[in-house]
Ligand SMILES: NC(=[NH2+])NCCC[C@H](N)C(=O)O
Ligand SMILES: [Mn+2]
Ligand SMILES: [Mn+2]
């Protein structure tokens, strides 16, 4: 495919939305993901690609942390996650409405609640490509861990809506027919049922082995965006990548996307001219056995951003 002119953005303008947040899971350090990516030159790398980049510092969440936040059923930190994702939805909504591309860097994947709600405010018919080892579609009832980063898609699709009282503000804004997964390999029992019952487009590592990544991206687009007539929101959990290329993450799963398969997804979505928003989630530089492990994970995060934003190989 030859790169198309962008269908939704008048010019290459982008806002980096840094979300230093770890409340959707239990391992500390994922909150330094965004700060580390920016320190390692994210902004400049994107500017080099011809984007006008706005970055006015990371989002501040500390004031949103309640003094006490007892579990809501099984859900951990429900009030904190709710307030943070609500603030992120506002910010992302404003960025999109201003005609800019939000590049949201996490932080844990509970932030996806906010990024999807925000993107849908401007682009209500957008589709979501969710690259992840996990399906992140547990409901407050089915979650075994209580970690909300394993639940965002049940909230925004209405599978669990309103999910609980603390998340009553979350609109049902993503139809199952507009969600496609790539890279799945660690999906919980109930999540498999939800995917099958609701006919969600789901491409696991098995499909990538069988068809190759080129075909899988085409098949995913054929399901959720057949005529390339819808905006695309790419939500990339770095644990979708194999731990050999992205080891510094909270829930690594062996047998994942290679470096090139990961970059290919981003390049191919860029080429559609429909990409309007991107999340890079679950980079946790503190979970590294060696400095090299953190290094390669950060490089991978930077590279995903460049590939999605028009870096070309030639
Ligand atoms: N965004 C992630 N890394 N999610 C991992 C989710 C793991 C598991 N399915 C859970 O519900 O807890
Ligand atoms: Mn994951
Ligand atoms: Mn995830």
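Each residue, glycine too, has its Cβ placed from N, Cα and C.
TrEMBL names 132, 134, 136, 237, 239 for binding Mn(2+). Of 109, 207, the residue it gives for the same site is 109. DSSP classifies residue 109 (Mn(2+) binding site) as helix under the three-state reduction. Long-range neighbours of residue 237 (Mn(2+) binding site) (same chain, six or more residues apart, CB within less than 8 Å of its CB): 109, 130, 131, 132, 133, 134, 136, 249, 281, 282. Residue 134 (Mn(2+) binding site) falls outside any helix or strand according to DSSP and counts as coil. Annotation for residue 239 (Mn(2+) binding site): spatial neighbours 132, 133, 134, 246, 249, 250, 251, 252, 253, 256, 282, criterion Cβ-Cβ under 8 Å with sequence separation of six or more. Per-site Cβ counts within 10 Å over the binding-site residues 109, 134 peak at 109.
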